Amino acid sequence: MKFFVLVLLLVLQFFSNKALSQSEEGEFGFNGYLYDNSGIAITNSKGLMKLTNSSEFSYGHVFYNSPVRFKNSPNGTVSSFSTTFVFAIVSNVNALDGHGLAFVISPTKGLPYSSSSQYLGLFNLTNNGDPSNHIVAVEFDTFQNQEFDDMDNNHVGIDINSLSSEKASTAGYYEDDDGTFKNIRLINQKPIQAWIEYDSSRRQLNVTIHPIHLPKPKIPLLSLTKDLSPYLFDSMYVGFTSATGRLRSSHYILGWTFKLNGTASNIDISRLPKLPRDSRSTSVKKILAISLSLTSLAILVFLTISYMLFLKRKKLMEVLEDWEVQFGPHRFAYKDLYIATKGFRNSELLGKGGFGKVYKGTLSTSNMDIAVKKVSHDSRQGMREFVAEIATIGRLRHPNLVRLLGYCRRKGELYLVYDCMPKGSLDKFLYHQPEQSLDWSQRFKIIKDVASGLCYLHHQWVQVIIHRDIKPANVLLDDSMNGKLGDFGLAKLCEHGFDPQTSNVAGTFGYISPELSRTGKASTSSDVFAFGILMLEITCGRRPVLPRASSPSEMVLTDWVLDCWEDDILQVVDERVKQDDKYLEEQVALVLKLGLFCSHPVAAVRPSMSSVIQFLDGVAQLPNNLFDIVKARENVGAIEGFGEAAESLAEPCSVATLTFTEPFVSHGR
């Protein structure tokens, strides 16, 4: 991937001795033009400093040309300092979140080993968190990165040698009258003023931001008590850094002042340069109008001819390779699927996800209702192995697995054919059809159904099948509301007693176990983790992660349920379930606790699916110290004390095996 690096170094416009004296005095600034003999060079004639352009994965640096003497001796104390600047972050992609900028104090003029994207041009994968960096920064971040424990996609943080902030807060300010907190959106067309002030005597670093038309608030947004002396050298460079990733933003500095041992001069807002106008909408309209007026007739003729040729010659074309002969009974003709789905019309669309669209249809030869998942698979390498696995999975027979009937391969597209489930997915009943709510008995039955199907995949077939994408959207319901696990598009096979090979991390956010995200190695235990999340989701009636939850404690489902266990675990139950007077509180509590058990972050602690079925059937009881085991997720080292219990719970149980010999299908790899 091609990276674009934009580095702007502020150069001196006057003599070097004059600039040196000013840096030693520790005061400089610009306000949209050169003044006070600061010698700062601007980036354009209007005084607007732009850190990044419209390139993807780029970063920009702007540094004052001369170092600032923060200490009088190597072992001395860092002097007090104050700086204020006006900045703006403008999205280039319809206000989508990109990446932010940072004010930085660095031992070098420029950060030669920095990276773009989430690293903000400050650090890279290797040196992030290295104590030898000697970098102090204040980030204005517009992207939430889980690896740095970011609270949201609109926050301000104080960073020392690492992008995991010492202290952070959602961007905003406190009103002077009553202390009310007001949010500020960092990405917009309106400039924002920031103040960063360090009191050497109190060893306190304060950060304040506010709209430029308002005075500086009395209460800072962030206040960190920390001696900066160990982190800063005698002389350091000050400046700004910003970065873009796949989503691009433009970063501007409109004005900036800095002072040692005093308060930085305020910026004259009336003399700031103007931000460039967003001309994208106007330009697009003009281009469209001209293009349509000149080429509408030609395009119409071209599309008509192309459509007719496509219908007549190529729409039903497919290639059958020699190696597919052995899978013949599992292969459908594209023509049959095309007719069954009425040409894959949108009116026949059942749903779509990250791995393909699903259409309903009826086979004309047998009048059988089917579901067809259309999957893009444009890599020829591995296609034969993939089709072989599909044919193998097609031989599965279990009442709680959706039948995979076969496949069709055409050019770079793959079609998986399943039994059609008339009631649709569990996801629809949990979130999209409030008028058709499920009572507790139905929910508990679905949980047991999915557990039975998953246990069959893990323990009762001739090979181990790891599903890798367990979630409500992949649990389908028949006319009797029986739950069936479907969509084997990501499934992996391995022999009993052997570990599966490492592959790309696949699945759905919120259901991926910690060890899978680290190692890329899926296992039956990672399936158990996802099943635990599914149990909690069915019981609580909410998604695994709610970025806009009413309180931080409710953002992550597992954390919320665990917190409530200490008080009353039943308070997390879906209100629609509570309306049913017949629901069994003891049964609900069992499912919630078992869900936390299965979703434990340490794989060795999780039970096997055989054990899960015994817990659900009441054949076995949950451990008496389960709360301590689950609570230990907050301190991974604490689980060592439960090692023997974890190993015994992970042993598979004896469950009757269901054996069938007819062919089988599902929707989607």
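Positions of Cβ are set from backbone N, Cα and C atoms, glycine also.
What Swiss-Prot says about this protein:
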type     : residues                                                                       : note
ACT_SITE : Asp469                                                                         : active site, proton acceptor
BINDING  : Leu350, Gly351, Lys352, Gly353, Gly354, Phe355, Gly356, Lys357, Val358, Lys373 : ATP binding site
DOMAIN   : 344-603                                                                        : domain 'Protein kinase'
CARBOHYD : Asn53                                                                          : N-linked glycosylation site
CARBOHYD : Asn75                                                                          : N-linked glycosylation site
CARBOHYD : Asn124                                                                         : N-linked glycosylation site
CARBOHYD : Asn206                                                                         : N-linked glycosylation site
CARBOHYD : Asn261                                                                         : N-linked glycosylation site
REGION   : 38-259                                                                         : region 'Legume-lectin like'
SIGNAL   : 1-21                                                                           : signal peptide
TOPO_DOM : 22-286                                                                         : topological domain 'Extracellular'
TOPO_DOM : 308-669                                                                        : topological domain 'Cytoplasmic'
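Nearest neighbour of Asn124 (N-linked glycosylation site) by Cα distance, taken over the recorded positions Asn75, Asn206, Lys352, Gly356, Val358: Asn206. Rounded to a whole number, the C-alpha distance linking Val358 (ATP binding site) with Asp469 (active site, proton acceptor) is 16 angstrom. When the recorded positions Asn206, Asn261, Lys352, Gly356 are scored by other C-beta atoms within 10 Å, Gly356 scores highest. Annotation: no recorded positions among Asn53, Asn75, Asn206, Asn261, Asp469 have CA atoms within 10 angstroms of the CA of Lys352 (ATP binding site). Taking the C-alpha positions, the distance from the residue listed as 'active site, proton acceptor' to Gly356 (ATP binding site) comes to 13 Å. Put simply, of the recorded positions Asn206, Asn261, Leu350, Gly356, the one whose Cα is nearest the Cα of Asn53 (N-linked glycosylation site) is Asn206. Candidate recorded positions: Asn206, Asn261, Leu350. Nearest to Asn75 (N-linked glycosylation site) by Cα distance: Asn261. The Cβ of Leu350 has fewer other Cβ atoms within 10 Å than any other of the binding-site residues Leu350, Val358. Considering other CB atoms within 10 Å as the measure, the emptiest surroundings among the recorded positions Asn53, Asn75, Asn124, Asp469 are those of Asn75.
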